[in-house]
Amino acid sequence: MKLIDGKAMATAIKAEIAEEVKQIVANGGKQPHLVAVLVGHDGGSETYVKNKVLACEQCGFKSTLIRYEDNITEVELLACVDKLNKDGDVDGFIVQLPLPKHIDEQKIVEAIDYHKDVDGFHPVNVGRMSIGLPCFISATPLGILTLLQRYHIETSGKKCVILGRSNIVGKPMAQLMMQKHYGDATVTVCHSHSATLKEECREADIIIAAIGRPDFVTADMVKDGAVVIDVGTTRVPDATRKSGFRLNGDVKFDEVAPKCSFITPVPGGVGPMTICSLMKNTLAAGKKEFYK
Ligand code: GUN
């Protein structure tokens with residue numbers, strides 16, 4: 001079994017990005033600028049955004065954090081998005097999700113100029129991704145693809161089972177794993193209503209678990225030599241931790257790991273790669289790589 005070290009890989013890629021930014025700036029170019037919009041005080045969102053801002057520093061980007069209380073109206077948030085769309089100094093921006101219930105998330109996502117949509121959530125980017133055109137690709141699937149590529153894990157012709165069908169992970173992951181240019185795999189998507197979920201997993205060469213149910217994938221669901229990618233990051237109460245919780249993956253790591261050829265840990269697997277991919281997208285936005 002080989003442990004996939006997402007933390008080390010993210011550190012290495014951020015160093016590559018920082019080097020490129022240095023060159024850009026030395027040649028008189030502009031430092032990429034990422035803006036993060038954070039509404040309210042959700043613990044998970046606070047941590048993610050803090051880590052995104054830190055990653056910007058590590059990459060040599062300019063970053064700005066815009067905070068709002070959770071009583072902000074939809075109209076006010078749309079005005080903020082509009083301002084960022086028009087701000088020539090801003091290369092890319094994200095609105096951290098989830099948003100409070102009174103705000104229509106999809107409306108906000110669709111209001112973002114897709115040229116600056118470094119999350120890759122806008123329907124234009126989602127559509128272009130699904131037909132293999134240059135675009136911003138959602139950070140978690142992009143991070144997983146990078147891990148698979150850099151660990152030289154063969155995906156072409158393999159059976160890949162994706163657990164979960166979210167817009168952010170499951171759906172784009174399935175699209176990318178099936179496409180010739182990326183995964184070139186035979187893809188099955190399973191979800192909470194899949195009658196044959198366990199059987200599908202047992203047949204899989206690659207399992208990508210993104211259902212948000214701690215310890216869902218057990219050893220009896222995994223065939224010998226499989227590659228297991230764990231996207232789960234559920235906060236579960238843990239009195240032994242200073243924070244009072246720990247991050248728990250979707251995979252029962254201790255019993256599944258011995259059966260795997262490769263496996264990602266939680267934390268330190270997919271999570272750091274997600275942030276790293278957001279940095280890649282921001283660099284691409286600064287360079288106008290996908291859209292002129
Ligand atoms: N909430 C959970 N993951 C993400 C993400 O990748 N981007 C944004 N904007 N919100 C999230």
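One is the number of the first residue shown, and numbering goes on along the chain from there.
Glycine is treated like the rest: Cβ placed from N, Cα and C.
Because TrEMBL annotations are produced automatically, they should be read as predictions rather than curated entries.
Sequence annotations record features per position, and here TrEMBL assigns NADP(+) binding site to G164, R165, S166, T233. Under 8 Å, Cβ to Cβ, and six or more positions away along its own chain, S166 (NADP(+) binding site) finds A210.
Feature annotation from TrEMBL assigns domain 'Tetrahydrofolate dehydrogenase/cyclohydrolase catalytic' to 4-119. DSSP assignment over the domain 'Tetrahydrofolate dehydrogenase/cyclohydrolase catalytic' (4-119) gives 61 helix, 18 strand, 37 coil.
According to TrEMBL, the domain 'Tetrahydrofolate dehydrogenase/cyclohydrolase NAD(P)-binding' annotation covers 138-288.
The number of other CB atoms found within 10 A of the CB of T233 (NADP(+) binding site), across every protein chain shown, is 21.
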